[in-house]
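Chemist: The structure follows.
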């Protein structure tokens, strides 16, 4: 056997920004065919630009040329590491100083606070800073609202509130007239703006402000415009459907916009305010009206807190402490950079869990109210973190065969339903409520996709449709970490995302350009490492004559891709390479065992090196295995030999325990296990369940394209689903075993699930995106 080039796995390669190599050996692939020098058409619908990049790849093997191409485009890794370090430091500070959450101010809510009269009876506002804040922030066209996203609903509701405030106190007349002119000229745009962009409770608070404006004698506004009358009519009908006694008895979603509801008994409503901060559903405007009617000290304390924190202004909703912590964690995880912030994320989720209730959570702590969006996100993240989460929390949102988003409101939100769908996938055995939630959310989202109705009423993001289509195609079982990151880098809106409350607003801890920049740097650095490792994998393939076992380069690429998409960190190169090579060696050993007729003892002798190895494929297979084991010293080498010996023994008995072998070798290589761990009852349970699932998934993968009875396929799919739920329970629940050990089993099983259920043409696309396509 030819000598194999040595790859020093303890050293990570410099960061490189590569072009697609002109010559890279990826034969037997639908988009790279080694048998022909002609460019092959893609099986998947790439965009034209991507097709041209792929077409640059040719099938001839020229490892040195690839290496030259990689390093000719290299960016000094010291510079990249410095950029990563700077952004990590920034994000760590952002997360550790989150407090009640970061959100921009709202002209609408600030205007409502300005209406509070002087406590000593003078004809002036109690908080004059609010009027100055309003005057200083008028936009050039005379409106107030989000300066980067011109939406009629947002601009008009903010501007109308500010005009009412300035007119009430007869200040800044020029600014006020400019605002009135804007309203007069732009109110008609409400007819043209899609209703999905309507701010929350617009049909309730808009008529209330119009009434105030009319009472103040602002005669220049188009009160009788048809669209204005229509909106007022819709608001009246909505209020007529909700009995005021219900609002006074329990917290409903309408409490968030209570400033738009007349003739409420505010003394009775006081019992519904949040005890800790004195607000009504964390809404400054609603709390202002409550204070005006009751002079409640807790409401006043909340208002003063906001003015102090937001420099004389107020946001649309506050606090947003739970919301910020949950969504920040989600973004960092999906972007593939959460490992930099493990301690911070642990603290964030511990904080959320401390405020968890039997009905879930709202955007802020200590609320008597809950919504399905925050509850779904919190349930999923906390369950994965190891907290004991009761799935029955979702019964609070179940109404017949549907799930509602907010109390008293039917859920029509794509993003909230999508988060419910994501949470429902983390089902443990026997959790029927999550099965119901999954079916409902899956049907809702599929219908939305089919009708191209994926615009959302809580957030404006250009990438929501693509994100949800991808999420429907790739469940979390099959969505390997680096595949998820490669796509979410496309879907993450960063500062492009705009959130919808009663006005538009932005949240720095959720939508942050630094997250994206860090994710691009990290992905590119890891990808450069993976490309170098792939070069060495090809050298290893050639040197060990792997081809003679019927194993193609496409098989080699797929094996390495699965490892790199699951264990992607640069510092885990040894585990990644061991995973990929072990998978190939399993195929090599199985190949010659199918032909070898010797006894079990004879075959074991091959493994231990004590027998006559003979010539040809048998010699190559065993020599390759011995070479792999020889790269490790001492106790690790002995553990690996024992693992392979156990695998070979089971193989001879007709049990293909590849999943257990891969998980155990990875755990051994990572230094996470010893003999006591390997003999632990839970470790054995994980091994047995992993073997069962991987066996069934391998059969499903082998049956792709075959004529299999639907009943048989459905039965096997159902068994896999039940076993995956059991595995999730073993992995996520707290136990004596380290989480990292259990996570390895899950990582291996997910690659089998991916291979079984993802179409070949999709796999080709994923391999290209993860290993070869530059990001950013």
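Note that Cβ sites are derived from N, Cα and C of the backbone, with glycine treated the same way.
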Chemist: Could you tell me which of the ranges 371-374, 375-378, 379-382, 383-386 is annotated in Swiss-Prot as motif 'DXDD motif'?
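Modeler: From Swiss-Prot, the annotated motif 'DXDD motif' range turns out to be 371-374.
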Chemist: Compile a sequence-ordered list of residues in the same chain as residue 238 (substrate binding site), six or more apart from it, whose Cβ lies below 8 A from its Cβ; state 'none' when nothing qualifies.
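Modeler: Counting only residues 6 or more apart in sequence, the Cβ neighbours of residue 238 (substrate binding site) under 8 Å are 203, 204.
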Chemist: How many other Cβ atoms sit within 10 Å of the Cβ of residue 371 (Mg(2+) binding site)?
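Modeler: Looking across every protein chain shown, the total is 25.
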Chemist: Counting by DSSP secondary structure, give me helix, strand and coil numbers for the motif 'DXDD motif' (371-374).
Modeler: 3 helix, 0 strand, 1 coil
Chemist: Return the average pLDDT for the motif 'DXDD motif' (371-374) as a whole number.
Modeler: 96
Chemist: Rounded to a whole angstrom, what is the C-alpha distance between residue 371 (Mg(2+) binding site) and residue 457 (substrate binding site)?
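Modeler: Counting only the Cα atoms, the answer is 14 Å.
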